[in-house]
Amino acid sequence: MGKKIDNPESSAKVSDAEEEEEEYAVEKIIDRRVRKGKVEYYLKWKGYPETENTWEPENNLDCQDLIQQYEASRKDEEKSAASKKDRPSSSAKAKETQGRASSSTSTASKRKSEEPTAPSGNKSKRTTDAEQDTIPVSGSTGFDRGLEAEKILGASDNNGRLTFLIQFKGVDQAEMVPSSVANEKIPRMVIHFYEERLSWYSDNED
């Protein structure tokens, strides 16, 4: 927009030397850019809508006060932005610390789970060598999975808890099953297991 020439009288009455320039007042500077090596400012003109804003070269402007104020404000904003970028916020530091702590805890837990469990010594008495290849007693048994028991291979007193080593059909590994479950699911097989291991003694009386 810059400066416009206003000719209130006709050109016939006024010569070129007498042409008068009417300067438009700058309300505020909105933005700044460098184009082809020259600094230009995006101006809001006083008394005109935003749609009339224009880019004007610095050397065409006569509003040094507004330019100085805008440049000072722009430098302050740049310093503030640089300061925030260089120094992360306390919340970001806290999240980073928390993340490291969580990672350390996770690593420690993983290492602990990978460590072999120490042997329990002679707390449990094993009656057969087949227990070396057994599935330990857990919350679920082969019965819970719908398997059919084929044979009781042995029994074990595990910390005062009687368990049976049961071979299920279609499964390679035998499984330790609590006696309470076996007594309910396969009572006849349990009785047969005991009968096979009973020794009968008779006293010969003269």
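From the backbone N, Cα and C atoms, a Cβ is placed for every residue, glycine too.
In Swiss-Prot, the feature phosphoserine is assigned, of S102, S124, to S102; the remaining candidates carry no such note in the record. The candidates are S15, S156, S180, S202; Swiss-Prot tags S15 with the feature phosphoserine.
Between S11, S80, S104, Swiss-Prot assigns phosphoserine to S11; no such entry appears for the others, which is not proof they lack it.
If you compare T134, T163 in Swiss-Prot, the phosphothreonine annotation sits on T134.
When the alpha carbons of Y24 (site 'Histone H3K9me2 binding') and W45 (site 'Histone H3K9me2 binding') are compared, the span between them is 7 angstrom. Around Y48 (site 'Histone H3K9me2 binding'), a 10 Å sphere centred on its CB holds 15 further CB atoms from the protein chains shown.
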